[in-house]
Structure formats: structure tokens, C-alpha cells
């Protein structure tokens with residue numbers, strides 16, 4: 001097969017591993033910067049051009065689209081979909097997962113347990129907002145934040161009011177969430193491919209922090225997950241219609257709680273921690289579906 005990887009930086013670990021895994025299985029691979037793709041949207045002869053040339057047909061596309069370029073990145077991916085390329089995560093699913101509010105609404109609708117969460121743009125009554133989510137301590141986040149950026153733990157009511165008021169001055173959407181103290185700065189990242197959790201790690205925050213993101217200096221170890229956690233991770237990925245997803249789970253006293261569903265999970269931390277060839281599993285998923293179900297679905 002001919003496979004395109006959409007990424008702004010082909011030197012990143014995940015891109016290199018996906019390229020390597022695809023080549024090892026006999027496929028042709030090209031890494032394309034989605035921002036350098038430009039599209040001819042024409043009912044008679046749609047096409048995609050890249051750095052002065054018309055791109056050939058690709059059997060499959062692997063989107064590694066960063067949050068900052070979601071709008072144009074998913075537009076480029078849609079064009080590949082229009083031309084019959086199988087996407088490892090469809091554009092609509094990526095856009096849905098990037099909308100944190102919509103994601104949580106969809107997960108809640110499916111009965112998937114979440115931390116108690118409030119979202120607001122410009123709260124007129126900060127005190128009522130804090131009461132609504134159960135009071136301090138609580139976590140205040142910018143909806144548009146990623147990798148732990150724009151996330152603050154407010155341990156007292158006064159601190160929570162100050163943080164919310166400060167964020168309100170940024171004219172941003174604010175997410176206010178209960179703090180799961182018993183998780184002790186740890187979460188579980190489940191890597192879902194299709195209908196299987198192929199790997200899981202526990203991420204622990206560095207000392208003095210509560211954010212377990214590896215990009216923020218957190219540490220990782222292999223996690224043994226329960227059948228309930230496995231089921232919830234798969235259900236969360238299905239709810240978001242993602243073939244590949246990183247599902248982040250907190251272990252609370254009342255049971256596992258889904259924190260986030262990531263449409264473009266990094267492979268470095270989880271592959272190096274577990275030793276599992278996740279990139280290879282993603283390529284095998286493409287082999288299974290790019291040549292059968294998707295062609296039937298799109299008429300390709």
C-alpha cells in the first residue's frame with residue numbers, strides 16, 4: 001500500500017516509528033506537512049497538491065495533526081478522505097475529540113464516568129460555580145490547553161476564586177473540575193487500537209506537581225488495568241469514533257473516571273515503557289481495513 005503520514009515534523013518519534021513499521025511491512029510511505037497541502041475542491045476532479053506537485057492516490061493516511069493546526073489539518077485530511085484514502089482516525093472524529101466540551105458531553109451521554117465538571121466562559125457567580133462542582137480543592141483549566149499547560153490546582157476556595165477570575169480576564173473558556181485526591185497525581189494512559197487496549201502505562205507527576213503529563217516531567221511505568229478500566233477505555237474510544245486513541249483514566253474511590261480521549265496519542269513514552277510495538281499494531285489495523293471495509297464504504 002501507499003501510505004501518507006500527515007505531520008508537521010517527520011523527525012518526531014511517533015512519525016519515525018510509524019514510517020519504520022510501515023516500511024518493514026512492505027508499504028511505501030511519504031510524510032507530508034498538512035500546512036503545505038493545498039486542495040482543489042472540484043466535483044469533477046478534486047485533487048491535493050503539495051509543494052508544487054499533484055499528489056498521487058494514497059491507500060491510507062495516518063493523521064498526526066497537532067492541536068494548533070486542527071482546523072486546516074482536518075480540512076486536508078477530509079480531502080484525502082474525499083479521494084478515497086482510508087484515514088486512521090477520520091477528520092470528523094479528530095475534530096470532535098479536540099472539542100473538550102463536546103467530548104465530555106458525548107462521554108457523559110454514554111454513561112461513562114467523569115470527574116464532576118463545570119464549563120464556563122464568563123461566570124457571573126464564581127461562588128456558585130465552585131459549589132456546583134463540589135467545592136475546593138478543584139482543578140481549573142483552559143479548555144484550549146494541552147499537555148498540562150493552562151492547568152491549575154486550587155486547594156482552597158479563595159485560591160479557586162482568584163484563578164477563575166484571572167482566567168476570566170483572558171476571555172477564554174474555563175473548565176472547572178473536581179480534584180481526585182486519591183489518584184495521588186497519577187493517571188492511566190490506555191492506548192486503544194480498534195477494539196483492543198494494546199498497552200497501558202501509569203503516569204506519575206513529578207514531585208511537587210499534580211499533572212502527570214510526560215511532557216511536564218512525569219514518570220511512566222507499566223500499568224496492569226482491570227477489566228472495568230479496559231472496557232471503559234474501549235467504550236470511550238468508540239464513543240468518539242476513534243480507531244486509535246489515548247484514553248486517560250483516573251482511579252477514584254468511586255471507580256475509574258475518564259479524564260480525556262486523545263485523538264493523536266504520542267507513542268514514545270508508552271512504547272519505550274512497555275516495549276510493545278504499537279506502531280506495528282496501527283499499521284496492521286490499516287492493512288485490515290484500508291483494503292476492505294473502507295473501500296466498500298466509500299466506493300473506492
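Placement of Cβ uses the backbone N, Cα and C atoms for every residue, glycine included.
Quick caveat, the model's predicted, so the values are computed rather than measured.
Pulled from Swiss-Prot, these are the features on record:
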BINDING   141, 178, 179, 187, 211, 212, 213  ATP binding site
BINDING   248, 260  Mg(2+) 1 binding site
BINDING   248, 260  Mn(2+) 1 binding site
BINDING   260, 262  Mn(2+) 2 binding site
BINDING   260, 262  Mg(2+) 2 binding site
DOMAIN    104-287  domain 'ATP-grasp'
Exercise for the section: Round to the nearest Å and give the CA-to-CA distance linking residue 179 (ATP binding site) with residue 260 (Mg(2+) 1 binding site). Expected result: 15
Handout entry: Cα-Cα distance linking residue 260 (Mg(2+) 1 binding site) and residue 141 (ATP binding site), given in Å to the nearest integer
Key = 13
Completion exercise
DSSP says residue 248 (Mg(2+) 1 binding site), in three-state terms, is strand
Practice task
Filter the binding-site residues 178, 187, 262 down to those whose C-alpha lies within 10 angstroms of the C-alpha of residue 248 (Mg(2+) 1 binding site); answer none if the list is empty.
Solution key: 187, 262
Practice task
Using DSSP reduced to three states, classify residue 262 (Mn(2+) 2 binding site) as helix, strand or coil.
Solution key: strand
Exercise for the section: Out of 178, 187, 248, 260, give me whichever of these binding-site residues has the highest number of other Cβ atoms within 10 Å. Expected result: 187
Exercise for the section: Using all protein chains in view, find how many other C-beta atoms are within 10 Å of the C-beta of residue 262 (Mn(2+) 2 binding site). Expected result: 21
Fill in the blank from the handout: Averaging pLDDT over all residues of the domain 'ATP-grasp' (104-287) gives 88
Handout entry: Euclidean distance between Cα atoms of residue 260 (Mg(2+) 1 binding site) and residue 187 (ATP binding site), Å
Key = 11
Handout entry: Helix, strand or coil at residue 141 (ATP binding site) [DSSP, three-state]
Key = strand
Completion exercise
Within 10 A of the CB of residue 141 (ATP binding site), the number of other CB atoms across every chain shown is 22
